Amino acid sequence: MSNKHSACQVQFRVIVVGAGIGGLSAAVALANRGHSVLVLESTTKLSHVGAGVALPPTTRKWYESEGVLRAESGCIPLDGIELRKWDTGELVTRTAANPIGKQNAIHHGDMQQALLARAAQLDNISIRLGARVMDIDIDSNTVLLHNGEQVEGDVIIAADGVKSVIKPKICPPGASKAQSTGEAAYRFTLARDLLKDDEELLDLVQRSWATRWDGPSRHVVAYPVRNHQLLNVVLIHPDDGNTEESWTTVADKQDVIEHYQDWNLTLNKLIHLAPTQVPNFRMFLYPPSPVWVKGSTILLGDACHAMLPYLGQGVGQAADDAVAIATVLSTIEHREQLPLALQAYEVSRKSRVEQIQAATYQAREHLHLKDREAQAARDLQRKSASESNQNSDVVKMQHSYWVWDAAKVAQIALTELITG
């Protein structure tokens with residue numbers, strides 16, 4: 001094993017449940033600092049499917065420092081975002097990247113593959129597929145697998161998503177109860193070759209810009225991923241209520257066409273190029289987890305703070321969780337300080353992500369105005385803000401999240417707990 005990070009002073013055996021982006025991020029960060037990591041993933045094959053995800057500039061920088069992101073990872077720094085009227089497609093404003101750094105776009109599968117590739121370079125990470133966790137004994141730090149096998153560690157990280165098996169063992173009953181937002185998202189990607197014969201559509205995938213159309217009860221965003229070889233398209237729309245609480249169902253393309261038939265021509269051209277079957281994700285609001293830590297078991301990522309997509313904070317906040325837990329576990333000098341380290345992890349992360357969860361939910365109201373006069377006033381405000389070099393409230397809020405130093409905050413929390 002070789003890495004440039006400071007080695008931990010106490011080595012822990014860490015079990016990570018879940019090989020999604022959050023779990024793998026924590027695994028790589030901990031292994032880079034000398035801990036022994038076992039990742040347990042219930043699926044028998046990691047298929048690297050999905051759509052585009054956003055990486056804030058600080059998150060991308062951290063992944064690069066951990067040896068995860070390379071040129072071939074297909075991550076695109078975006079020069080900015082164009083906001084257009086939903087019905088005519090007329091340009092409202094172009095907001096260039098903030099001086100802090102650029103928002104980045106990457107395909108979910110490419111991000112996961114980059115993490116797996118880095119994990120394969122580290123001899124203190126082991127990943128077991130088809131290892132479905134059925135139960136956990138917090139007192140003995142043991143997880144029970146579907147085949148009856150018991151696996152013991154010093155620390156257990158539950159990164160097993162919104163339907164976490166472990167979360168009910170940590171939180172009181174009802175803590176995971178989801179509330180429908182009344183909205184869902186169609187997601188699809190279009191290959192560059194499909195767009196090459198239409199100059200307007202080709203421009204969407206060639207340029208390093210995101211485009212967003214905000215309309216009544218809906219909005220759509222499109223941006224390039226995979227080194228400009230794919231255009232990622234996400235269409236938020238009212239939920240018909242027929243989708244169960246699950247990751248996805250499949251809709252007919254005709255359903256998508258009907259939802260946006262009154263929208264601008266550019267968007268409708270994109271929709272007509274979509275696959276005949278389009279994934280449809282129902283979006284739920286999950287209440288803040290009252291507890292993140294119990295014994296030596298912690299929650300991470302969607303297991304404790306599932307994010308709605310309106311501010312593009314899902315991956316960034318999961319990565320900050322990974323930063324925080326790697327920092328505190330690698331700083332303590334004695335095993336007896338482990339409870340304080342885990343407490344510092346929760347203290348440094350919980351209130352922050354709760355604020356972001358609330359802000360994300362509120363942001364959708366700004367995007368989905370139904371009244372045309374309200375839309376016009378919003379668009380005028382956006383245009384004026386752009387012309388005076390002042391970002392809109394939503395963009396300013398988003399950028400404020402990018403200057404956060406999760407490692408520093410976790411370190412401060414740990415120091416305060418140790419010194420009393």
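Sequential numbering from 1, following the chain as shown.
Glycine is no exception: its Cβ is also placed from the backbone N, Cα and C atoms.
What Swiss-Prot annotates here:
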ACT_SITE  Arg187  active site
BINDING   Glu41, Ala54, Asp302, Val315  FAD binding site
CARBOHYD  Asn124  N-linked glycosylation site
CARBOHYD  Asn264  N-linked glycosylation site
TRANSMEM  12-31  transmembrane segment
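Structural mapping of features recorded in Swiss-Prot.
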residue: Glu41; record: FAD binding site; contacts (Cβ under 8 Å, 6+ apart): Gly18, Ala19, Gly23, Ile127, Arg128, Leu129, Gly130, Ala131
residue: Ala54; record: FAD binding site; contacts (Cβ under 8 Å, 6+ apart): Gln103, Asn104, Ala105, Gly312, Gln313, Gly314, Val315, Gly316
residue: Arg187; record: active site; contacts (Cβ under 8 Å, 6+ apart): Ala51, Asn232, Val233, Val234, Leu235, Val278, Pro279, Phe281
residue: Asn264; record: N-linked glycosylation site; contacts (Cβ under 8 Å, 6+ apart): Arg84, Lys85, Trp86, Asp87, Thr88, Gly89, Trp213
residue: Asp302; record: FAD binding site; contacts (Cβ under 8 Å, 6+ apart): Gly20, Gly22, Gly161, Val162, Gly314, Ala318
Non-local residues, at least 6 beyond the ends, that sit with Cβ under 8 Å of the transmembrane segment (12-31): 1, 37-41, 43, 46, 53, 63, 66-68, 108, 111-112, 115-116, 118-119, 122, 124-125, 127, 129, 133, 143, 151-161, 165-166, 300-303, 315, 318-319, 321-323, 325-326, 329-330, 338
Recorded FAD site residues Glu41, Ala54, Asp302, Val315, farthest C-alpha pair in Å: 24
Other CB atoms, at most 10 A from the CB of Val315 (FAD binding site): 24
Protein Cβ atoms within 10 Å of Asn124 (N-linked glycosylation site), excluding its own: 19
